[in-house]
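Quick look at what Swiss-Prot annotates:
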ACT_SITE  Lys9  active site
BINDING   Pro92, Leu93, Ala94, Ala95, Gly96, Leu97, Gly98, Gly99, Gly100, Ser101, Ser102  ATP binding site
ACT_SITE  Asp134  active site
Amino acid sequence: MLKILSPAKVNLHLRVLRKREDNYHDLATLMQKVSLYDELEFQPSNRGIQLRCPGFFLPENEENIVFRAAKKILSFSGCPTGVTITLRKNIPLAAGLGGGSSNAAMTLLALNKLFRLNFSTGELMKIGATLGADVPFFLFHGPAWAYGIGDRLKAALDVPKVWFVLINPGFEVSTRVIYEKLNLGLTKEIIHYSIPRFLSMEDMAAGLHNDLESVTLKMHPSLQEIKDLLCSYGAAGALMSGSGPTVFGIFENEDKAKEAETVLGKPGTWAVFCVRSID
């Protein structure tokens, strides 16, 4: 058996540069993994691919990206074996934290190791890109700028390690719906975009930006209230991650983050997590 942790991510900066003719959008986004994890277990089996998601009403077939990831890498490798996968969720669903993409990436990584398939990291990233635009990022070491539809990665050097308080308000948001409502016309020309610096806590606070907030916060005004609350309890800045609805605040040390987590977690209506940057 092989056990592996599957981390969440936050978007420290997200600009939607243009809508493409294929209806996808070109992005520039800075992604950072954080220490909130789902747990995955893999057990070799002779009964094909079996997926279990105890405690959650999640599909346990090809509708689940974990199942598809397992099927794809075993098919690519020609390996005739099967595997039983157990997924224990801690990352909120449809929350802008990349839980599904992370689960798929860790499935590729785990099965490559478990069955000694000998795919390189680059090859795993190519397989991952066929499953979802964010999947390659979770196979990439450290924070990264992602371009295109999010699948072209460049290492983000010298991004400071910080603490985060994540607040998930308990409802789900459809990424597809948010992009459909984004007021961005079809743009054919290439957009030239200047990347902000993220070399210090001050840089990070100044660089926090998410174009998708213009849609999600209009649909759910309570998210702005959460951002304001985080700042009032010591966050240097606050932002919605991805298409939402999770909002995070950045803190310079663990003590300040823990204090905010304690206070903001008391009402019990939100899921509140104190986490740190990881590579």
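A Cβ is built for glycine as well, from the same backbone N, Cα and C atoms used for every other residue.
On the structure: features taken from Swiss-Prot.
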| residue | record | Cβ within 10 Å |
| --- | --- | --- |
| Lys9 | active site | 26 |
| Pro92 | ATP binding site | 21 |
| Ala94 | ATP binding site | 18 |
| Gly96 | ATP binding site | 29 |
| Gly98 | ATP binding site | 27 |
| Gly100 | ATP binding site | 23 |
| Ser102 | ATP binding site | 27 |
| Asp134 | active site | 24 |
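Cα to Cα, Gly98 (ATP binding site) and Lys9 (active site) are separated by 6 Å.
Taking CA atoms as the reference points, Gly100 (ATP binding site) and Asp134 (active site) are 9 Å apart.
Listed binding-site residues near Asp134 (active site): Ser102 (candidates Pro92, Ala94, Gly96, Ser102; Cα-Cα distance within 10 Å). Summary of the ATP site environment: with the site residues Pro92, Leu93, Ala94, Ala95, Gly96, Leu97, Gly98, Gly99, Gly100, Ser101, Ser102 set aside, the chain residues having Cβ atoms within 8 Å of the Cβ mean position are Ala8, Ile91, Gly242. Annotation: Gly96, Ser102 are the binding-site residues among Pro92, Ala94, Gly96, Ser102 whose CA atoms are within 10 angstroms of the CA of Lys9 (active site).
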